[in-house]
Every structure is written in structure tokens, then in C-alpha cells.
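Engineer: If you look up TrEMBL, you'll see 1-20 marked as signal peptide. TrEMBL lists 59-209 with the feature domain 'Cupin type-1'. Taken from TrEMBL, the feature oxalate binding site applies to ASN104, HIS109, GLU114. The annotation Mn(2+) binding site is assigned in TrEMBL to HIS107, HIS109, GLU114, HIS155.
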Amino acid sequence: MASHFLLLALLVMAASLAMATDPTQLQDFCVADKTSNVFVNGFVCKNPNLVTANDFFFPGLNYPRNTANQLGLNVTAVSVLNLPGLNTLGISIARIDFAPYGLNPPHTHPRATEILVVLEGTLSVGFVTSNPDNKLIAKVLYKGDVFVFPQGLIHFQFNAGHESAVALSGLSSQNPGVITIANSVFGSKPSISDEILAKAFQLDKKTVDLLQAKFWMKNK
């Protein structure tokens, strides 16, 4: 009998832990208060009586961005960092402009799945599955096509055409984050030891030092 009670207690505890995170919001909205000194996972709520329409507004995502840089890329991210009304809503959006042969280099979003739709042009896109398979899932997308990049997996987008391209991405986090692989590995501050990188990538130290000396552009 005692063992039955113990089992029942464990099941109750497991059920209560499973429900510990609320599946939905507890109020209509929680506009991020950037002035608060309180540190929480996300942002403290702004006083609802002080909220205005501008807290839920971001203008001009229809305008082309400047892609005159080494990657031929411009990412306009709209997250809780510049649209405070997104706080606690679990979504964000980004406009991605590509010059001809522009590249959004291999990167990951540690906190979000990404769904991308091509508005103009043609893009070669793909992601790589985790170890041990490291399988490349890739496809050429045309105007109106949609592709999904699972959360945390390394992915890329490349404009292989002679014309500019534009895409719109939705992300399943108010602050998805981005880790650009080359930047993180060869552009970290302080630098990762060239001995470690040389062994990891099977390169000589001279090549590693050359890569570390490059200017690594951020793809937001």
C-alpha cells in the first residue's frame, strides 16, 4: 500500500511540474519596460496605463535596405529589442535583403524556429541536421515559396541570381538570437586559441591566424 501511495505522489509531482509553465499569457499584453533595472528572463512589464499604440508599431519594413557590404546582405530584425509590444508574445519578424550573389552565412537561432517566404528573386537555402548525420537539407526557392528552418540548426540563404532578392522571416521567439558560425569561431573576443582551431578544423596555425584577423560582419 505504501508503495502505491509513493507512486501516486510521484505522479502528482510529475504532473504539477509539467504544468508549471503557463501555456498562454496571464494578461492581455506585457509591453517591455526598457527603463527597469529589474533583471528577469525577458523584460519587465510596462505599466499598462502608460502603454501607447507606438509600443506595438514598427514602420517601414517595405523599404529596400542597403546591401553594399562584403556579404551583399541586410537583415532588418523586428524583435522585442525594437518593438516592445512583442514582449511575452513569442514571435518576431525580419526582412532580409540580398544583393545579387548576396549571402546570409551559416548561422543558428538558439531560441527560435524560422519560417521564410521569398518575396522577390530566387534563393538557395538549406540547413544541416545535428550529429552524427550532419545531413544537408537544401532547396532552391522562388517567389512565393516558403521554407522552415528548425530551431537551433545551422542554416543559410544565398541569392544565386543576377537580381536582388527579398525575403520575410517569421521567428518563434520575441528575441530569437543569432549565432553566426564564422563570426563566433574566428571572431570571438578574446580569441579562441589558434592551436584549438587548427586542430578542430584541420588547418595550419597560419591559416587560422589569417581567418582570425579578418573583419567578420554581423548578420543580425
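Glycine residues also receive a Cβ, built from the backbone N, Cα and C atoms like all the rest.
In TrEMBL, annotation is done automatically, which means it is predicted and not curated.
Since the structure is predicted, the reported quantities are computational estimates derived from the model, not experimental observations.
Show me how these features fit into the structure around them.
Structural biologist: The 10 Å shell around the Cβ of GLU114 (oxalate binding site) contains 23 further Cβ atoms across the protein chains shown.
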Engineer: From the centroid of the CB atoms of ASN104, HIS109, GLU114, the recorded oxalate site, which same-chain residues not already listed sit within 8 A by their CB, in sequence order?
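Structural biologist: Apart from ASN104, HIS109, GLU114, the close residues are ALA94, HIS107, THR108, ALA112, LEU116, PHE149, HIS155, GLN157, SER169, LEU171, PRO176, VAL178.
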Engineer: Tally every other Cβ atom lying within 10 Å of the Cβ atom of HIS155 (Mn(2+) binding site).
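Structural biologist: A count of 23.
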